[in-house]
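Visitor: Checked Swiss-Prot, it gives:
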COMPBIAS  7-16  compositional bias 'Basic and acidic residues'
COMPBIAS  20-32  compositional bias 'Low complexity'
MOD_RES   Ser107  phosphoserine
COMPBIAS  109-118  compositional bias 'Acidic residues'
MOD_RES   Ser135  phosphoserine
COMPBIAS  146-158  compositional bias 'Basic residues'
MOD_RES   Ser164  phosphoserine
COMPBIAS  170-179  compositional bias 'Basic and acidic residues'
MOD_RES   Ser190  phosphoserine
MOD_RES   Ser214  phosphoserine
MOD_RES   Ser222  phosphoserine
COMPBIAS  231-282  compositional bias 'Basic and acidic residues'
MOD_RES   Thr301  phosphothreonine
COMPBIAS  349-417  compositional bias 'Basic and acidic residues'
COMPBIAS  434-449  compositional bias 'Basic and acidic residues'
MOD_RES   Ser438  phosphoserine
COMPBIAS  491-516  compositional bias 'Acidic residues'
MOD_RES   Thr498  phosphothreonine
COMPBIAS  531-569  compositional bias 'Acidic residues'
MOD_RES   Ser557  phosphoserine
MOD_RES   Ser560  phosphoserine
COMPBIAS  570-588  compositional bias 'Basic and acidic residues'
MOD_RES   Ser589  phosphoserine
MOD_RES   Ser591  phosphoserine
COMPBIAS  598-608  compositional bias 'Basic and acidic residues'
REGION    638-645  region 'G1'
REGION    663-667  region 'G2'
REGION    702-705  region 'G3'
ACT_SITE  His706  active site
MOD_RES   Ser1168  phosphoserine
Amino acid sequence: MGKKQKNKSEDSTKDDIDLDALAAEIEGAGAAKEQEPQKSKGKKKKEKKKQDFDEDDILKELEELSLEAQGIKADRETVAVKPTENNEEEFTSKDKKKKGQKGKKQSFDDNDSEELEDKDSKSKKTAKPKVEMYSGSDDDDDFNKLPKKAKGKAQKSNKKWDGSEEDEDNSKKIKERSRVNSSGESGDESDEFLQSRKGQKKNQKNKPGPNIESGNEDDDSSFKIKTVAQKKAEKKERERKKRDEEKAKLRKLKEKEESETGKKDQSKQKESQRKSEEETVKSKVTLDTGVIPASEEKAETPTAAEDDNEGDKKKKDKKKKKGEKEEKEKEKKKGPSKATVKAMQEALAKLKEEEERQKREEEERIKRLEELEAKRKEEERLEQEKRERKKQKEKERKERLKKEGKLLTKSQREARARAEATLKLLQAQGVEVPSKDSLPKKRPIYEDKKRKKIPQQLESKEVSESMELCAAVEVMEQGVPEKEETPPPVEPEEEEDTEDAGLDDWEAMASDEETEKVEGNTVHIEVKENPEEEEEEEEEEEEDEESEEEEEEEGESEGSEGDEEDEKVSDEKDSGKTLDKKPSKEMSSDSEYDSDDDRTKEERAYDKAKRRIEKRRLEHSKNVNTEKLRAPIICVLGHVDTGKTKILDKLRHTHVQDGEAGGITQQIGATNVPLEAINEQTKMIKNFGRENVRIPGMLIIDTPGHESFSNLRNRGSSLCDIAILVVDIMHGGEPQKMKPTNLPKPKKCPFMVALNKIDRLYDWKKSPDSDVAATLKKQKKNTKDEFEERAKAIIVEFAQQGLNAALFYENKDPRTFVSLVPTSAHTGDGMGSLIYLLVELTQTMLSKRLAHCEELRAQVMEVKALPGMGTTIDVILINGRLKEGDTIIVPGVEGPIVTQIRGLLLPPPMKELRVKNQYEKHKEVEAAQGVKILGKDLEKTLAGLPLLVAYKEDEIPVLKDELIHELKQTLNAIKLEEKGVYVQASTLGSLEALLEFLKTSEVPYAGINIGPVHKKDVMKASVMLEHDPQYAVILAFDVRIERDAQEMADSLGVRIFSAEIIYHLFDAFTKYRQDYKKQKQEKFKHIAVFPCKMKILPQYIFNSRDPIVMGVTVEAGQVKQGTPMCVPSKNFVDIGIVTSIEINHKQVDVAKKGQEVCVKIEPIPGESPKMFGRHFEATDILVSKISRQSIDALKDWFRDEMQKSDWQLIVELKKVFEII
């Protein structure tokens, strides 16, 4: 037994040392314990079990010998529910340990059996004791946290003290506490008691018999000191440590991320070097000084997991530690040697160097990172700007499409797609689907309604199919939600960037998913970034140089292959830069435009065609041949009746002017003058080198001269290369004579002046076969003087316009001085000189302008219906060439018309294009020519706008848009009124002329149209019958009126005025308006009451009653026959109606303000006659009795007869009569 006790005491000392080490660990690195609370608890439980087992053996041996065993058992029964049973037994038995050591062996077997019983009782316990065990372990922790020094002192004192006193005290305390528990005191006290018991048990376990008392004293003192505040403080301390640890972890994570973005390998190498160096330094330090660094001490402390495994090795470790300590103490006594000091110094120097090197590297790394960050920010900024530009372009594109009416909503796009699908289906089934343009314009056939049912059925089928497909896609999407690729964490930025087009982005994402999941069902779109590139290219082509345009075009021609390569490159970039934000942005931009791919196939084709057209135009502008000249377009301008057409007639030997309505040109005509005719006309000019003529001929355009046709003049002079301004030498200072000179100036068109009608000079002798300069010399002196005088006057007028002018034979500088050519269209004098000058000027000054160019430029001048040919268009071909069979796009009333050229007709040389001739048919026509084009659907063509040729089918929509833009500009200039006449003309030019004329004449127009008058035009005009019947009129200028339209107009009451001359039309309309007004005035003359105010002259009362005849002064307004009079001052008494007015015994209809007249006032029929002196006095003012109806009648039909003062009087009388 003695041996056993000795062994046990040794074990307890070892445990004591162990606990000391643990306490040190807790003080140094309490955080580690908190990190793994569960492990530590498990460890303590195991330790507790071992200790309980050792103590149970001893105590149960002592239990049999003790005298107070029975009393303790009774106590145990009272506290059966509590887990303090064993503890009480242990404490009571320990009190009697020394008394009963002899009977230990005898009762050893009994103790074993009791031990088994105790274990069974422990297993039967509920969860409550477990919780108390944990509480006990917490107290143990508290105990372990006590400082080392205090414990050491306590141990030393324990060796000296005797344990008997402590045993007695313990037994007393146990009894008292058991009584408290049995008497049912509060549970808190029992808990405290249990904790104290467990603490004491720990002390007993840690220290052998002689040290029991001091341990208990320590325990008691620890429990006394530990208040609630202390516990809270400790808890706070633990929480703080936890927070510190979390922060440290976060820091580590951040450092890791930074190191990952940087060069990982270098950082690892540095760390490994640093660690190795530190270890070497530490090992040297420990060897030299014997001082273990705190970090190593911490490392040496065993973890909770190691403690379980190292339970058996504790003894050996402790012995080793003791040995080490002794060695260290010896080394300390000796002190460090010189070698060690030197080694330490070297190590420190190395450390310093290493630290400096690391510092430098760290600074370099930070600098690099900063540079990278700056670079990244710059890239982000550029990317942002790029995105904003794209957004702006997209916005502009959408606005453009919106303006053009091409911006479709999702539903519209779907509808279009369905329609396209139905068309394809019809074509697949073999049904011929004619194109919109190729359909012949026919009268409506009622079979169409039946035909429409077939496509509707097919469309419904198509809709159902598309619905099924959509449903399938949705099912697939629902079925595979896990596979959705989560976008990188730059999503919020992406959302910010695409706020404007947010909906498009979501659509794009959906479309991306669909393409990934349902590749079989969906159409695979090869080109992702194409629409965006095309947008950019389109803008760049407008702004950048030609070379860039060519490169882009080449890139475009490569097609989908190049785009796929681009995609691969972008994919590689994405994989390379995972942490960079750029790829995600690229993806976002892709996704933005992916959604466009479905709906912008047409747009892509449109852009491609647009670029092709632009490139072709550029190439043509480069390949200009200055050696080969085209025929110049010569425009004849001038005032009406100056003889423009007559000059051309003389040139052509025709009589066009005689055939014109009223001898006035109202349309633009064109004449081709061949080279032979030029040579013929200029044969009398001596210095004219016929061999040097490079131009193939001339195209002369005749324009109307009247002011109302200024737009036609404008149109003509915009085409022409050089202009002839015809001025009548006999009439100076005409309003329009100098006006045409303003036309060529803004157009930068050179011009020359023909001083026409020189044959009107007195005693002029004609000589058409000689030069005009020679002819002038042959004239008499008086004729010469008159000519010079008139010519000088015209030169002065030009000078007033800011132009230098001189007679052509005196002009030495044609660039600065305008040449004046005296001509006579009647006799033919000066015509040769005129043509000679034209040829000279065009060849010398306009060679670049006349250089041959393949780029087509043509203008529609007139639209004419010819018998046997249908509707034809007269076109001035300025540049390029036209071939039979070309697809042309011409402007139309209801939009651009696409048609094929059926025939190209040219009038014979020297014949007017607009006059019916025996036309010559050509397969191809070169510029410059006046051509008549035959084709389908040309009825609604608008004159005055360009004609375009589409060489490929995809160019048609681009050219259509160009024409629509042109047409919008011209029609926006025409502003319609709510009330007004309906105007129809044969051409856009004449329509504009007529509208200009109506505007100056203050005639409002509510509707316009070009072409013959149909029933629909009459219907439109009839709307005015409801608003204002005087404007229910159609002014038809130079157009045919359909018979059914005339019949309908007659039945509805719409007047149609038709005339071939603009002035006749206007005269007819003004006459109609006047007649209509007279009718209305006659109708409303009894309702309309003119305002007047009269003062009675009391000395001129000729008859006071029935009728009242008296003299009055008109104070305001005007008195007319039939004006009802009343007296406002006498309760508005009606005195009668003015039947006659006399001035100086002469009867008049009206008496104005300030006149003294005699009036005869007859009583109102059916009323008693009023009397002067009874019903009204001489002091009373007489006024005309007005009403709302009378005021309206005056406004509508008698406005011309009213003056401003009359309207002011009406306002005054309205207040008197309280008229609203």
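The backbone N, Cα and C atoms fix where each Cβ goes, glycine too.
Small disclaimer: the values here were computed from a predicted structure and weren't measured.
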Visitor: DSSP says what for the region 'G1' (638-645): how many helix, strand, coil residues?
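Guide: Breakdown, helix to coil: 2 helix, 1 strand, 5 coil.
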Visitor: Across the compositional bias 'Basic and acidic residues' (598-608), what are the DSSP residue counts per state (helix, strand, coil)?
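Guide: So the counts come to 10 helix, 0 strand, 1 coil.
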Visitor: Tell me the Cβ neighbour count for Ser1168 (phosphoserine), meaning other Cβ atoms within 10 Å of its Cβ, over all protein chains shown.
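Guide: Taking all protein chains shown, Ser1168 (phosphoserine) has 9 Cβ neighbours within 10 Å.
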Visitor: Do you know the DSSP helix, strand and coil residue counts for the compositional bias 'Basic and acidic residues' (349-417)?
Guide: 64 helix, 0 strand, 5 coil
Visitor: Using DSSP and collapsing to three states, where does Ser1168 (phosphoserine) fall: helix, strand or coil?
Guide: coil
Visitor: Across the whole of the region 'G3' (702-705), what does the mean pLDDT come to? Round it, please.
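Guide: That region's mean pLDDT is 60.
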